[in-house]
């Protein structure tokens, strides 16, 4: 049964969050009455207001007004005054993933899961379905540059969504196609141990109906192991692995773009080859994400020409190797990477892109959360090999209390003892421009990494460097 239109006013607590804002926007576009509140007047909040959605800044009980349904994310605490008031009124309270699941019932759905690469892969699947004239509805975990938003209402039969595994609620999503990019030990604060993460991803894939299928990366050992455990569901494998059904080969760089070929082999022995595909993003990880999207698109009957066109015109995702400006031939980028696996992949991509011109890579990292840094300290210490210089800023706490012995100064020390030749500590954003100006030369890439407010530093840095040169 589809959700009826007469459910009354829907109030989102934390509507400015990247996941919540997309759902609110699509609900609004479907004709539902939507409003919400958020702690800050962010770009997402302003975008929703421009679409006619009322948003209150700050959380107060009176914000509920005549709301009849409340939507919350896991970030909302039980003592939130709006949530307390809603429960006193005995209003139905819906988790973000439950509301996303309701929206998915309106369409056939592709859900993109995995520890890393979800947002980019979701955007790539959307781009290829767009190129194939399927006009999908999209709800993503990042701003898709081509849309200027993280959500889009399409007229076609398909919906493409990012499936967030962080709190286990992705298992509620009714997907026809489930994509798994990789599986790493992340979000153990929720799952308790890695075996529980593995079990969740198995259920995610086995939840697809018998007429659906899973798309799984054979290059990742955990995913390959999971493929062998999936029962009674069709699986399409992808990657550079010679055994993959959709395999990328001959990957090479063209400036900051990737060129590659794809060989698609059916189980009946038929082979299709698409040569000289161009993706306007660097990095093996992005070629892998593109190959996942190609696997979905090909299975849905999208032609090789449309796949080529969709990839070639892909505009990227905000905060995924986003170019923020230049200074004296130095290029500055912003990236959301905040896990060692993501950081390593981004820096490897930057290294590939600069190597043709002999440039160097300068990484500016803002560790995100003390708990993540503590649980992955050794991995963080060893993930910067492709950066010539590493500049570590103070930890972005995200509201967490400090942990003794777990801080950015200690990380710099450990990076050095792990063999890195040039790791430095920066006291804060004000220290970055002088430091970068003393290090970077024409042809270098400066890559700002993290899930906190380092993105603001990345956009401010080109101007600050220009002003530095005037001193």
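Each residue's number is its place along the chain shown, starting with 1.
Cβ from N, Cα, C; glycine included.
Within 10 Å of the Cβ of residue 118 (ATP binding site) there are 26 other Cβ atoms, across all protein chains. Residues annotated as ATP binding site in Swiss-Prot: 114, 115, 116, 117, 118, 119, 120.
Highest local Cβ density among the binding-site residues 115, 119, 120 belongs to 120, counted as other Cβ atoms within 10 Å over all protein chains shown. Taking the Cβ of residue 116 (ATP binding site) as reference, residues of its chain lying under 8 Å away and at least six apart in sequence are, in sequence order, 181, 182, 184, 285, 339, 341, 342, 345.
Same-chain residues that are not part of 114, 115, 116, 117, 118, 119, 120 yet have a Cβ within 8 Å of the Cβ center of the ATP site turn out to be 112, 121, 181, 182, 289. Sequence-distant neighbours of residue 117 (ATP binding site): residues of the same chain at least 6 apart with a C-beta under 8 Å from its C-beta are 181, 182, 285, 288, 289. Cβ-based neighbour count (10 Å, all protein chains) for residue 114 (ATP binding site) stands at 24.
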